[in-house]
Amino acid sequence: MPQVAQVAVDKATSSFDKLFSYRVPREMEGTLRPGCRVMVPFGAGNRKRQGMVFALAEAAEDATLKPVSAQLDENPVLSAELLALSKHLRDTVFCTYYEAVRLMVPAALDTKVEHSYALNPDWEEDGALSADESLVLGYLAHRRAPTREKAVCDALGFADERVLRTLYERGALVREEELRRRVLDDKITMVRLCREEGASMTQKQRAVYEFLQECGTASLKECCYYAAVTRAVVDNMQKKGLVEYYEREVYRNPYRDRVHKAGEEIVLSGEQQQALSALEEIQKKGEYAVSLLFGVTGSGKTQVFLKLAQQVVKVGRGVLVLVPEIALTPQTIGKFQCCFGGSVAVIHSALSLGERLDEFKRIRRGEASVVVGTRSAVFAPIENLGLIIIDEEQEQSYKSEKTPRFHARDVAKWRAHYHSTQLLLASATPSVESYYQAKNGKYALIPLRGRYTGSRLPDVYIIDTAAEGLAAGSSVLSQRLCDELYHNLQAGEQSILLLNRRGYHTLVKCKDCSEVARCPNCSVSLTYHSANDSLCCHYCGYIQPRESPCGECGGQLTRWQGAGTQRVEEELKSLYPGARVLRMDMDTTMHKFSHEEYFGRFAAHEYDIMVGTQMVAKGLNFPDVTLVGVLGTDQWLFSDDFRSFERTFGLLTQVVGRAGRSEKRGRAFVQTMWPQNPVIEQAAAQHYEQFFAQEIGTRRLGLYPPFCDVCALGVTSPDEEAAKAASQQLSAILGRIAAQSYPDLPLRVLGPSDFALYKMGGKYRRKLILKCRNNARTRALLRQVLAAFEEQKQKKKVTVFVDMYYDNF
């Protein structure tokens, strides 16, 4: 009986998203399976689009369905688990099927139809031609072979292919279709002997022959190198029938030459062994569980979960390790490679499309038992997943800020539940929600109270910047911190300075009207970067020259304020001419291996002082760092974010913990205008429990997580008035449907109001904030609201989205 494929189609709108039915051609029966990508005709025009097969079923005898145009994969690229996860994401984070699929399928596999056109020799002109149509026919008349659509459009200056399509529909042109994948598999030419010696050979050919007799087969490059011949010699042997060429797939592995040698056996302290034993007991149960490994900075959490991972791999199961940002990846990779060698796969955004594709293939084929990566690695196609580890689980970067707006921690919970295994969260400063769940017994709480080396936590000193006169902006560094830096330089010890702002000056004002220079596309001030002597927007990338006039009055922009990492770097070099200063921020770490290179050079003592953004604050272990300075603390405390205290405490605790991680005593200096602020005092004392007790009380009174969930209905539009009107309309629809159909649903609605970043990328942004429970009924309510809004929407250029993990008020 004929088969029907249930297909998720790319670029389907949210209101029209579903699984579409297509007939499976006979030649694909038996080879097409769920998890394979296909090309299908879609819409009234039957334009070819990518799709993902979710299920197969028998077709009814009278079914009249469009057929699948092409099968793109011989074997499924997504397993049954990842197909189920795609559906789960569609249902819970308000994305389409294919938006969820795109999270899991490497972008390198994207396939599109490319059209080529040629004149139809049998066409008889049937009417007047436009000037553009005559231009196309004249151009193609001089082309011997079919010409790609893009080449024709580029040559004739057309913005799109509409003229070509019109001529094709009139019969003036013939069209060929070709499926082109974004990135192809990497292959090398191999050589092997194909018959015994018989034909006469030159001396060089004999050298190749003897080399292949010894090794059996080799790449063409190796043949030429080891036999000391050119390719022409091997080509001639191939013509004589002595050797034959064939292709072999190879992996683009960026870490092939960077695999760390096996290190010494991990020796745990007594406290670490207790923690490992507790985790082992949970692991042995073979059921879903969440554990929180809560240990002070330097307590050796990594050694504990490395030991646990070794045991999981030993029984043939896979391990997934998530880190919050690329800066932490090199050290984590190094530690896991010391234990697991080349069976470690790496996934993060700095890899090329081809490298990510090949890591995906290694994982899917079972050639990598451990996967280390940032947020996107949570979708790694590990078949027999035995353990998931999320390091620094509290970090904001685990949440995606664009559709699909998922949180890696919740995806990891879903996968751990699917595989009936343990999710291990690790942090010195866990999120308030995670610690609350652990305190209430929903997570297993595994504590590490002391540092692994036995060293003491650093002494922390709070510096009142107002008392030191730093508020005037003449200097970024207090005198006390300057003296301590000088002492460290004299002692040959290293220092780290944290300032979570890149650039040189954070804003500039007009000397005449005091107007701040702002980005025309975003509601933010422009930052001055000395490296390119320009004013830059850190959100949309807009750049304008430093000498640009004021946008309000035409005056000069000369009143510079605020400091970024570039200014701190310059000040350090001025104060300490002989000091070797390393700056670590997004501007200096754009290269693929820049984090690994710079951290390695700092560890090798090629630098004395490292100044950087938050990438220098977490997870790094440099034994010779004895001094940490924290600049610009106050900017974190007073952001419009109910987690601002939590994030300030976490960042301060983490960066302070970089000091004194060996036998050398560490010290840290925190510069602030609010020295009596309890969050700063608690972070200085590394008193997480005290901070938690205060914060959980505030959250309970204000009704914030973990006592509710917070989500947002967002509206964006290039038209400011349209955004305002749409947000008001959305609010009215929400109120009406909630009152009529969900009167019992606990719900508090705030707004509509502007986002903190009101304009971004040329679009105005408004929001409704909902304090609710993230459950099926709440999501059903939101789905009805979105559907009703789409039916009543007055402006086309309005987009609405749902963020189920919203936390930036």
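Every residue gets a Cβ built from N, Cα and C, even glycine.
Keep in mind that what you see is a predicted model, and the values were worked out from it rather than measured.
Listed features, source TrEMBL:
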BINDING   Cys510, Cys513, Cys550, Cys553  Zn(2+) 1 binding site
BINDING   Cys519, Cys522, Cys537, Cys540  Zn(2+) 2 binding site
DOMAIN    282-448  domain 'Helicase ATP-binding'
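Apart from the site residues Cys510, Cys513, Cys550, Cys553, the chain places the Cβ of Lys511, Asp512, Ser514, Glu515, Pro549, Gly551, Glu552, Gly554, Gly555, Leu557 no farther than 8 Å from the centroid of the site's Cβ atoms, the recorded Zn(2+) 1 location. Cβ environment of Cys553 (Zn(2+) 1 binding site): Cys510, Asp512, Cys513, Glu515 lie under 8 Å away, each six or more residues apart in the same chain. Across the residues of the domain 'Helicase ATP-binding' (282-448), the predicted structure has a mean pLDDT of 92. The residues near the Zn(2+) 2 site, meaning same-chain residues not in Cys519, Cys522, Cys537, Cys540 whose C-beta sits within 8 angstroms of the mean position of the site's C-beta atoms, are Pro520, Asn521, Val524, Leu526, His538, Tyr539, Gly541, Tyr542, Met760, Gly761, in sequence order. Fewest other C-beta atoms within 10 angstroms, among the binding-site residues Cys510, Cys513, Cys537, are seen around Cys513. Geometry remark: Cys519 (Zn(2+) 2 binding site) versus Cys550 (Zn(2+) 1 binding site), CA distance 12 Å.
Neighbour counts were taken as the number of other C-beta atoms within 10 angstroms of each residue's C-beta; across the binding-site residues Cys522, Cys540, Cys550, the minimum falls on Cys540.
Taking only the Cα positions, the spacing between Cys550 (Zn(2+) 1 binding site) and Cys540 (Zn(2+) 2 binding site) is 20 angstrom.
Annotation note: Cys540 (Zn(2+) 2 binding site) sits in a coil segment as assigned by DSSP. A coil conformation is recorded for Cys522 (Zn(2+) 2 binding site) in the three-state DSSP classification, outside any helix or strand. Around Cys519 (Zn(2+) 2 binding site), a 10 Å sphere centred on its CB holds 24 further CB atoms from the protein chains shown. In this structure, Cys513 (Zn(2+) 1 binding site) belongs to neither helix nor strand by DSSP; it is coil.
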